[in-house]
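All remarks here apply to the structure that follows.
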């Protein structure tokens, strides 16, 4: 019951995403994971003895609620960054969330050797560490105005990586269950899994290291679209009016001022010649 309550209470993370930046929501999720799983680890490892049952229940609620904070921060940020590809983004995130159970199973069986105490320690330290490291990448950015080819290729790359990860986890889990593998083979399986998990980081790293290419491609696309618009309708380019034009009222006012100035000059000349006294 505590597990279900913690996972399904997502109202607070949703409200927080509208008021706090993504890094703050991730920080709250990391703190919940550290406090909740840390308390459970202290109880299971007998570091603290005679912990009340109600306190363990609250710790489990806090621990499982960390997934709501972390998941909401990731989903909301990506939905805002890719408003034209929300379906693709939601599908990719749901796919990786579904693979998380298989990832923990691979680590639990291959590295931790079915140790529940070690698994709780990993959750206590590992989830906050990953959350802190991902704060730089999970942040709002300027959405792309159009559906570019580079964005489609990035989504395709992540989709292929997720499919390969799922197939890899299926094969390695079956091999680990059917065959008796050594520690070296188990560590190799986990290492390959980690590489496939980190493969989507190639995209933000590439965009961070070489941002000039992205800006050049965007500028080239904008210039081409402007040239096509002008070439497609030359009449519009010829009929463009200036931003500032002289209104008729100002023209009439200027002519009246010129006539008044001319009459004043004639009067002065007449006074000089003695015609006007």
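A Cβ is built for glycine as well, from the same backbone N, Cα and C atoms used for every other residue.
The transmembrane segment annotation in TrEMBL falls on one of the ranges 119-138, 219-238, namely 119-138. Per TrEMBL, the range carrying the annotation transmembrane segment out of 95-112, 239-256 is 95-112. Confidence annotation: the domain 'Nodulin-like' (1-205) carries a mean pLDDT of 87 in the model.
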